[in-house]
């Protein structure tokens with residue numbers, strides 16, 4: 001925990017050194033108080049004093065996850081300020097302020113339920129909170145303050161509902177990151193729906209917002225419904241499919257129509273088949289999806305009746321990382337907009353299939369349970385299987401969060417040109433190579449972890465080779481001699497992978513994106 005905290009603090013100080021404004025000072029104050037409060041959360045988890053049931057075999061992860069949204073907002077603000085895009089500069093400030101307020105709320109919650117009251121932690125939290133609130137008071141407009149408070153309100157209610165319904169699925173830090181992100185997306189969708197201006201906004205951005213909110217609301221609706229009904233019957237399954245169609249066609253489609261001012265299905269079909277390159281990419285991705293399904297069926301066929309406890313090895317699970325890299329790299333090189341939309345569609349399909357598995361919806365629910373149980377690891381201790389969704393999110397978030405409006409030529413200068421590749425580098429290459437080489441050839445273990453020195457070093461080396469290959473094949477990437485910063489960023493994130501107990505598929509790409517954007 002101490003090494004993980006030190007690595008996060010190094011990232012915070014690196015961003016602070018580059019940006020050096022009032023918000024970067026706030027991130028330093030937030031990091032110091034989150035370091036103190038993290039130990040209170042860990043103690044609550046060990047003693048069973050937390051309000052909800054959180055994922056075991058992991059620490060609270062408050063510090064690394066608390067810093068993601070504030071740092072993303074700060075670096076986004078700085079990039080858009082340099083590009084002269086005032087609207088997105090203000091948006092970056094709102095993102096940073098929202099992340100800080102959500103992290104403070106979780107810290108105050110931990111301090112409040114810790115007995116006896118930790119005096120020193122209360123003082124540190126109070127000082128950090130005062131600095132952050134004073135900065136927000138002098139930086140945000142009234143409408144922006146209201147927007148930040150709206151996200152906090154949504155986060156509180158969403159956390160109470162989902163953490164109660166889904167025990168042991170998240171650590172406190174993962175809940176902050178995932179539910180905070182969903183709360184922000186929901187608030188953005190409500191805000192934009194109430195202020196629709198024809199021709200303003202990119203349809204693919206609206207598509208992402210509606211898809212995320214739509215699948216979350218769908219899950220909440222069926223979770224409440226199946227409290228009163230047995231979800232495993234044919235009648236309940238037929239009702240599930242019928243209501244999915246009704247909500248999709250009767251709520252989500254009209255909502256998207258209002259935002260993009262055209263028929264969503266016609267727009268999607270026209271978008272997907274607009275060029276010949278897109279057609280080739282779609283055929284190629286269909287082949288890769290079939291290959292991934294083939295791996296699942298093949299591994300299940302190996303599970304004989306004598307070895308019912310057989311679980312897929314780490315190397316077997318990394319096959320999917322290789323397939324995902326093969327999926328994303330051509331999309332990033334040839335058509336990033338298509339990759340953006342395809343990733344949104346894939347996320348919606350993944351979450352929908354998880355609903356089918358979780359609720360045992362006929363005819364595929366029980367089959368999915370059987371097929372996916374082979375690939376479970378210690379992080380899937382709750383009722384949901386989320387690791388494959390986290391893998392998709394880790395690869396997609398750098399593409400979705402890339403500030404296109406602040407990059408007039410479609411790419412950021414220097415190391416920022418690699419931002420869309422953050423997921424490919426951190427998870428697809430780094431995490432995969434570290435696991436494969438560490439588990440097969442690693443002998444020297446990092447102190448206090450199961451990860452090996454050899455795995456981390458080969459991961460750093462592999463990521464630098466991947467950067468060289470990206471330079472060769474993607475002509476839009478021009479690093480302007482920022483190789484030392486890239487090497488430092490990759491090394492920090494690889495060390496974080498060795499020490500963190502949080503979901504690395506989600507955390508590592510975001511930290512690499514922050515460093516590259518800074």
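Backbone N, Cα and C define each Cβ position, glycine as well.
Please treat TrEMBL annotations as automatic predictions, because they have not gone through curation.
Per TrEMBL, the listed range annotated as transmembrane segment is 340-360 (candidates: 172-192, 340-360). Among residues of the same chain six or more beyond the transmembrane segment (206-229), those with a C-beta under 8 A of the stretch's C-beta atoms are 161, 165, 182, 185-186, 188-189, 192, 236, 239-240, 243-244, 247-248, 251-252, 255-256, 259-260, 264, 268, 340-341, 344-345, 347-348, 351-352, 355, 359, 400. Long-range neighbours of the transmembrane segment (340-360) within the same chain, counting only residues 6 or more positions beyond its ends whose Cβ lies under 8 Å from a Cβ of the stretch, are 204, 207-208, 211-212, 214-215, 218-219, 222, 226, 231-232, 240, 244, 268, 271-272, 282, 285, 331, 366, 368-369, 372, 383-386, 388-389, 392-393, 395-396, 399-400. Counting only same-chain residues 6+ beyond the ends of the transmembrane segment (319-334), those with a CB under 8 A from a CB of the stretch are 277, 281, 284-285, 288, 291-292, 295, 342, 388, 391-392, 395, 399, 420-421, 423-424, 427-429, 431-432, 473-474. Within its own chain, the transmembrane segment (421-441) has Cβ neighbours under 8 Å at 314-315, 318, 321-322, 324-325, 328-329, 332, 391, 394-399, 451-452, 454-456, 458-460, 462-463, 466-467, 470, 490, 493-494, 497-498, 504-505, 508-513, 516, counting only residues six or more beyond its boundaries.
Between the transmembrane segment (381-401) and the transmembrane segment (117-136) there are fewer than 3 Cβ pairs closer than 8 Å, counting only residues 6 or more apart in sequence, so the two stretches are not in contact. Counted over residue pairs 6 or more apart, the CB atoms of the transmembrane segment (7-36) and the transmembrane segment (238-257) come under 8 Å in fewer than three pairs, which marks the two as apart.
With a threshold of 8 Å between CB atoms, the same-chain residues lying at least 6 positions outside the transmembrane segment (453-473) that come near it are 333, 418, 421, 424-426, 429-431, 433-435, 437-439, 441-446, 479, 486-487, 490-491, 494-495, 497-498.
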